[in-house]
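The domain 'Lycopene cyclase' feature in TrEMBL is assigned to 27-118, 152-243. Feature annotation from TrEMBL assigns transmembrane segment to 26-44, 56-73, 101-118, 130-147, 153-171, 183-206, 226-243.
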Amino acid sequence: MIVASLFLRQIQYLCSKFRKMEIQNLSYLLLLLIYLVIPVALCFQKKVRFVFRLRYILPAIIFAGAIFIMWDLRFTQMRIWTFNPDYLTGIELLRLPIEEWLAFLIIPLSSIYIYEWLKIRFEDFEKPNVFVIISLVLLLATGVLAYVFRTRIFSFFTFFLSAIYLGYTVFRNRFRKYYTKFYLALAISLIPFLIVSALLNSLPAIVYDSAHTMGLAVFGVPVEKIGYLFLLLLINVTIYEYLSNRKQQ
């Protein structure tokens, strides 16, 4: 009875929220749909068999999402970034907008679909040595940026964690054969990511404290956000491939 009562109250709460909403309150939620444009355009590729890969994809998304949700919660509490309620549904979970939770599901799903499509569509296109060099350059760059901007919290944590996880990935040397498709998927995923992030910043649905960033932006999007996406996708794809290969052995 207690559970049923709590569930009913939650439904009533959500209904009251929806009744009070205006179209602009759906801005962030609707913009997330842009991430689905590329996967939908590629969905006619029958060989992908994406549904059958979900048993490996979802654990990766949950693990990476847990890390980023904790990061998001802490930075929101510290007001390193803030959310404008005018462009949100007002529905929260652990004091974090539901749109943020959905972003950590939709963005990896979209990117991994692109990644899998590339593995099939360009199966013979491999440049592992080139992308190993690119990875080493990125490792050095993120390490240097983390040190130089160590007093800027968003910059430091983004580049420091990227350097740590990229270094682990490179020197463990089990991801070498996936570098080509990963970086191509990252490049394609950047297109909707920059569009959505630029629109969110221009509304503004999300406001970043400039005291904690480098002050450099791409289409109005802090450079740190690109590093944020890189780390999110790298964790998702490496765990996904680890689980996939382990099951096949």
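Using N, Cα and C of the backbone, Cβ positions are placed for all residues, glycine too.
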Q: Just give the helix, strand and coil counts over the domain 'Lycopene cyclase' (27-118), going by DSSP.
A: 71 helix, 7 strand, 14 coil
Q. Are there residues at least 6 beyond the ends of the transmembrane segment (26-44) whose Cβ is under 8 Å from a Cβ of it, and what are they?
A. 87-89, 97, 99, 102-103, 106-107, 109-110, 113-114, 117, 188, 191-193, 195-196, 199-200, 203, 205
(Q) For the domain 'Lycopene cyclase' (152-243), how many residues does DSSP put in helix, in strand and in coil? (A) 71 helix, 7 strand, 14 coil
